[in-house]
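Here's the structure, in C-alpha cells; my notes come after.
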Amino acid sequence: MEKRMQSLNAQAPLLPGDHQEDYNLKDTSPQLGERWPNGGAFGGRGWINGGDRFTSTYDLVEQMFYLYVKVVKAKELPPSSVTGSCDPYVEVKLGNYKGRTKHFDRKSNPEWNQVFAFSKDRVQSSLLEVFVKDKEMAGRDDYVGRVVFDLNEVPTRVPPDSPLAPQWYRLEDRRGEGKVRGEVMLAVWMGTQADEAFPEAWHSDAASVHGEGVFNIRSKVYVSPKLWYLRVNVIEAQDVVANDRSRLPDVFVKAQIGNQVLRTKICPTRTPNPLWNEDLVFVTAEPFEEQLLITVEDRVHPSKEDVLGKISLPLNEFEKRLDHRPVNSRWFNLEKYGFGVMEGDRRKELKFSSRIHLRVCLEGGYHVLDESTMYISDQKPTAKQLWKQPVGILEVGILGAQGLLPMKMKDGRGSTDAYCVAKYGQKWVRTRTIMETFNPRWNEQYTWEVYDPCTVITLGVFDNSHLGGNSGGGSNAGRDARIGKVRIRLSTLEAHRTYTHSYPLLVLHPHGLKKMGELQLAIRFTTLSLANMIYVYGQPLLPKMHYLHPFTVNQVDNLRYQAMNIVARRLGRAEPPLRKEVVEYMLDVDSHMWSMRRSKANFFRIMSLVSGMVAIGQWFGNVCYWKNPITSVLVHILFLILVWYPELILPTLCFYMFLVGLWNYRYRPRYPPHMDTKLSWAESVNPDELDEEFDTFPTCKPHDVVRMRYDRLRSVAGRIQTVVGDIATQGKRFESLLGWRDPRATSLFIVFCVCAAVVLYATPFRVVALVGGLYYLRHPRFRSKLPSVPSSFFKRLPARTDSLL
C-alpha cells in the first residue's frame, strides 16, 4: 500500500517556481494617521495650530484631504425675463472640475442639501466658484449670480468637531463688481475622508458619472438579514380521503416557503390517518415576508399526484425556540383543494375537514450557515439573547490597490473602475468606486466586533459595471467582474499589532492562474480580555444546538445554499445594491463543486501529513539499524531510563513538545497567511482540468469531451480504489484473527494468547518491556533479511478479497 501511495505521489508534476515571487505577500510602509500639514489649510492658516494634532478617527489609513462644499438652499432668486420663472440649480467649479445640483422647476427658494468633495491632490486653482444658474429648455442656461472663495481662507474641520454651520452669501454678478438679487446658503471647509459628509458627497474623481450611476459608486455598510431555521415537524394527519374513494391514498406532505420545497416520505401504510413524524427544515429571514404553505398530496401513480388539502400559515405566529426543549404541537384544519375558487359557495356545506398535526418553531439556538465552516466569519446563534460578550475588536484599513489589470474597454482603451468589499460576520462594507485607474486609493477604515478569534475575514475587489452610460460594452456588461479575493484568519494575528501588507489578488481563469494586482491593507486585532480569549478556545466552534440536534451533511449543504440565496437577494435590494455575483463570490457559492485541481490539492495535503509519520518511521528504522551509532546509543539509554522509571514517560513527552515549540518560535510566521498557489495546486494545473472546473452544472460540453473526462476520472478513482482496498485488506486480516475464517490460524493465535497471558502475568511488566524493546532495537548483525514470524503470519490471514466479484 505504501508503494502505491508513493507511486501516486510520483505521478504528480513538479510545481514551477518561476513566478512564485510575484505571488508572495509584500510588506509595506504606508504613512498611517498622517498629521495635518501647515495647520490644515491650503495656505497655512486654519483652525488647527501647530500641525501636531493627529486625526483620531482614521489611524489605519493614509489621510486624504478634501475640500467640502455644502450647498444647502437659496432664496429670493430673480425670475427669468423670458419665462417669468426660475428653474435654479447650482454649479460648483474648482479648476477643471465642475459639479452641479439637480434643478427645480419654477422655484425661487430651492433646497438642495448636497455636498461636493474635491480631492486636494488634484486641485490646480486657488479659487472656488459657486454659480447659481437658471436652466433653459433651449440654448445656454441663464446666469443668476455667483460666490467666490479664496482657498487660503477656507477653515479646517476635524471630527469629532460639530459640523460647520452654513451661512448666507449674497450673489454677485459675473465680473464680481456688484451684488445681485438672491442669496445662497453654503458651508465650505477642509476635511478628510473621516468627515461625516464623505460617504454621500459628490466626488470630483467621479465627475463623469451621472444619473443612477452616482448611487452605485458610493461607499456603504450593509447588514446581512437575520436568518432563522424553521423546523416543521410533520407528525400525522387525520381523515384524509382520496379523490377516488374506492382506494386508500398513498399520502405525503409537501411544505413550501418561497422557492424552498421539501416533502416527507410516503406513509408506508395506506390509511386515512397517516403517520410520518418527520422534520423538514427551511431557511427564512426577518422580516418574514413569505408564508408556509402545507399541502397533503396523494401519489396516484409515479406521474400523477392529487392535492387533497392545503393550508397557508404566516411565519410570525410560530414560537421562537432558544434550546432543545420541544414546543407545543398544534392541529390545523386543511382546506379542500379547489374550495374558495370554483366551489366557494359550498364551503358552508362541508361538514368535516381533514386536519394535520404539526410542531413548528423558529430555531434561535442555531447559527444559520451561509458560508463554509472552513472559513466562517460568524458563529453566533440567531437569538441575540444567547450571544456572549465580544472578545476583541478588528480594525481594517483598506488602503488601495496596485497594478490592477484592465477589466473592460472604454473609449477604445482598457479601463478598471474598482471597488472593494469586505465581509465579516453580519456586516458587509463596500468602498466607493474609484474611476478609471489601475492604482485606486480608497483609504477607508472599518471596525468589527469579534466574538471568536478562530474566524476569517474576506475581502474582494471588483470592477463596477453599473455606471450608467459609461459602463462599457462586452460580454460581462451588467455584471461586476471579480478581480480577486483575500482571506485572513484572525487567530493568526498577534494582538495589538498593526499589519501593513500588500496581498496578491489571484484568480483562476479557464486559461490558468492570473495575478490581477495587489490589495494593500492595514489590519489590527485588539483583544479586550485575555481571560475571555482563553475561555473561547475551549468552547465548541458552533452553538450547542448543532451538537444536540445536528443536521445531516446533505441538510447542511442544502440549507447553506438557501441561506446564500436569501442573503444575495436581500443585499441586492439595498441602495446601492450589493449584487448577486459579488455576494456569491464572497461566500464561495461553488466551493462544493467537483474540481480535479482541488482533489489533487487535498490529496497532497494528506500526503504531507503522512510524510511526517513516514519520516519518524524512517528515523526509528535508522536507529534500529544503527545508521548513526551515537543516536542509537542515546535512544537505548533513554529507553532504559523510561522502562525503569515509567512515570517519566508522559512528562518526558510533554517536555519534549515544549522544547519543540520553543525551538519553532524562532521560525514562526511573521506575516498573515494568504492565498497559497502551491498549496492550491494552481500553478501547474492542466488546462483541460481548469476547463472542467469552470464548466456549468449540468455540463454543456460535447460528448467526446465528457467521455474523455469521465475516463480520466475513472483512472484516478481506480488508483484511489486500490489504495482504499489495501487499507480494507489490513483491517479484514485483523478481524480474521479471531473470526475462525482460517481455523488453523485462529487456533494458533488463541493458543499464543493463552501462553502470552500466563507469561505476562508471571513476569514483571518492566522485564517484558525491557526484553521487547531491546529485541526490537537489536543490532543489524542479529537481524535477518527475511520477514519476521509475526509479519509472515499476519500476511497469511484471509482478507476476503477472494470473495469480491
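Keep in mind that glycine also has a Cβ here, set from the backbone N, Cα and C atoms.
Per TrEMBL, the listed range annotated as region 'Disordered' is 1-24 (candidates: 1-24, 73-96, 289-312, 313-336). Summarised by DSSP class, the composition of the domain 'C2' (209-332) is 10 helix, 66 strand, 48 coil. According to DSSP, the secondary structure content of the domain 'C2' (48-169) in residues is 6 helix, 52 strand, 64 coil.
Computed over the domain 'C2' (209-332), the whole-number mean pLDDT of the model equals 89.
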